[in-house]
Amino acid sequence: MAPLRLFWIWLLVVGTRGVKDGDMRLADGGSANQGRVEIYYNGQWGTVCENMWDLTDASVVCRALGFQNATEALGGAAFGPGYGPIMLDEVRCTGTEPSLANCSSLGWMRSNCRHDKDASVICTNETRGVYTLDLSGELPAALEQIFESQKGCDLFITVKVREEDEIAMCAHKLILSTNPEAHGLWKEPGSRVTMEVDAECVPVVKDFIRYLYSRRIDVSLSSVKCLHKLASAYQAKQLQSYCGHLFAILIPQDPSFWTPLELYAYALATRDPVLEEICVQFLAWNFGALTQAEAWPSVPPALLQGLLSRTELVVPSELVLLLAVDKWSQERRTSHKEVEALVGQVRFPMMPPQDLFSLQFNLSLYWSHEALFQKKILQALEFHTVPFELLAQYWGLNLTEGTYQPRLYTSPTWSQSVMSSSYNPSRSFQTPQHPSFLFHDSSVSWSFVYLPTLQSCWNYGFSCSSDDPPLLALSKSSYSKSNPTIGYENRALLHCEGSFVVDVIDFKGWKALVPSALATNSSRSTSLFPCPSGVFSRFQVVIRPFYLTNSTDMD
C-alpha cells in the first residue's frame, strides 16, 4: 500500500502559482475592471500596441481576468503610457483564446510602436461567477520528489552498460501507469525492468525516468542526443518529437561544429533522414566557418562529398573551398580515389584565371593528381575565354550543370552586408557582370537595404504592402549595362549572433521577405535555425549570375 499512500500525498501537495509567459493584468485604471493591458513574457511585463486592437481582442483579456466581456477597446494610452517593452503588435484574436499570447500577432517584441499607442480595455463589472484555485503547477515537483525518495517502490529498474557495472533504481507502477510515455518502458507484467544504455547516455537515464513521473524535463545541447535515443528506444513519442524539434534550435549553439558532426553520425546510425538533412543544411550554410574549425579534418568523406555537390554552399570563394579540401586530404591521408571524387565536385570555372594559374604553386594535391587538375583547368579556361554559344554548339556543354553555376560566395567580389541594428542599413556596391573572364571589364552596380518597417519602405522609395516588412530590397542600377544572356539568382544570408548563417532566402523580384528569428504566433514563417535573441544580427546579399542558355542571342 506504500505506493498508493505516496500517490495520495502527491495529490495533496500545494504551492503558489508563479507568473508565466502570457499572463495578463490591467494597470493604472483606478478599478479592477479597466486599465492599460500588460502581458508577461521572458521575465518582464510589457504593453500591447493599439494597431488592429478591437473589441474581440479586448474580450480575450477581460475573460482571462475573470470578467464576462469587454465593453470598450481603447488605444492612445487611454490610461497613461506604460513602461518596458512593447510585447505585442497587430494582435488578431478570434475570441476563444485563453491569452493574447495565443492570438496571431507580429510576435514577441517585434513592434515599432511607442508607449503613446498602448492598448487598454474596459471590462464589464460582472464576473463569470466561477473562480478557480489552480495549484496544479506544483504537481510535477511533487512527483519528482516521490521518485527521488526511492522509497515505497514496486518496480525495480536495472540499467545495463556494456562491460560495466549495472546501475539500480526503482519506481512506482501506479504513477507510471498514468503516463502513456512510460508504457514503452514497462511493457510486461512483473516487478523488474532492464534498460540497455550506451555509456555516454548513463548521465541522463535518471532524468529520463524522472520525466516519466513529472512529464517535464530540461533538454540541453549536451543531453538532446541521448534523450532522443532513450525516447526512441522506449517509445516516449512526445519526448522523441520534442528532442527532434530541438535539434535545429540547439545545433547553432556549438561554434566548434562537433555537435552537428556527431548528430550527423547519429542520424545515419538511426536512419533519420530529417535529422540528417538538418545537420547537412547547417554545415552547408556555414561551410566557410567549418573549414576553419578544429573539427574540419574529422568531416567524413561521404559527408564532404555531399556538401561539395551543393550549390547553396556558403564559402568565400571556390579557391578557398579547394584549399580547404587540400588541407583536409593532407590531415586525413585520403586515398587517391577519394581525392579524385572530391576534386571532381570542385567548380573550377568559378575560379578566375589568376587563381587557376596559382594552383600549381599553392596546392599540395596538384602534382599527385596533375592530369586531373590540367583537365579541370583547361575546362575552366575554355569557360573564361570562349562565348557560351560556341561552347554549347561545338562541345555540347550543358551550362546549367552545377559546374558552371556559382555557389554562395561571400567574398567582397560577390557579396555585401548590412547590420540589422545600423542607423542606415543600406549599401551600394559593384560586382562583375558574370564569373567568366569575358566580362572582367563589365560591372554591375547594386543597392542593398534592410527595411524593418512600412515607414522605412517609404523613406527609401519602395512600394510595400503592410504584410511585407521586415524585408530586404535589392535593386540593380539603371546605369549598369544590361546583357540579355545573363540572369541572376541572388540570395540573402541571415546571420545570428556569432555570425552563423541560420537561413538563406530568395529574392522575388527586388524583395526578399525576412522570416521570424524565433517561432511566434505570427503567420510569418520562421528561420530554419532560430536565433535565441529573437533578431538577426546581419543580412548578407550574394550575387549569383548565370548564363540564360535559352536566350534569343543563341539563335
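For all residues, glycine too, the Cβ spot is worked out from N, Cα and C.
Since the structure is predicted, the reported quantities are computational estimates derived from the model, not experimental observations.
Annotated features, as they stand in Swiss-Prot:
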type     : residues : note
DISULFID : C49-C113 : disulfide bond
DISULFID : C62-C123 : disulfide bond
DISULFID : C93-C103 : disulfide bond
DOMAIN   : 24-124   : domain 'SRCR'
DOMAIN   : 153-221  : domain 'BTB'
DOMAIN   : 260-360  : domain 'BACK'
CARBOHYD : N69      : N-linked glycosylation site
CARBOHYD : N125     : N-linked glycosylation site
CARBOHYD : N362     : N-linked glycosylation site
CARBOHYD : N398     : N-linked glycosylation site
CARBOHYD : N550     : N-linked glycosylation site
SIGNAL   : 1-18     : signal peptide
Least surrounded among the glycosylation sites, given as N69, N398, when other CB atoms within 10 Å are counted: N398
Secondary structure at C49 (disulfide bond), reduced by DSSP to three states: strand
Cα-Cα distance linking C93 (disulfide bond) and N362 (N-linked glycosylation site), given in Å to the nearest integer: 63
DSSP-assigned states of the domain 'BACK' (260-360) in counts, ordered helix, strand, coil: 74 helix, 2 strand, 25 coil
Spatial separation of N69 (N-linked glycosylation site) from N125 (N-linked glycosylation site) - C-alpha basis, Å: 9
For the disulfide-bonded residues C113, C123, the one whose C-beta sees the most other C-beta atoms within 10 angstroms: C123
Secondary structure content, the domain 'SRCR' (24-124) (per DSSP, counts of residues): 16 helix, 34 strand, 51 coil
Closest of C49, C93, C103, N398 to N69 (N-linked glycosylation site), Cα positions, recorded positions only: C93
The domain 'BTB' (153-221) - residue tally per DSSP class, helix then strand then coil: 24 helix, 18 strand, 27 coil
Among C49, C62, C93, C103, which are disulfide-bonded residues, the residue with the most C-beta atoms within 10 angstroms of its C-beta: C62
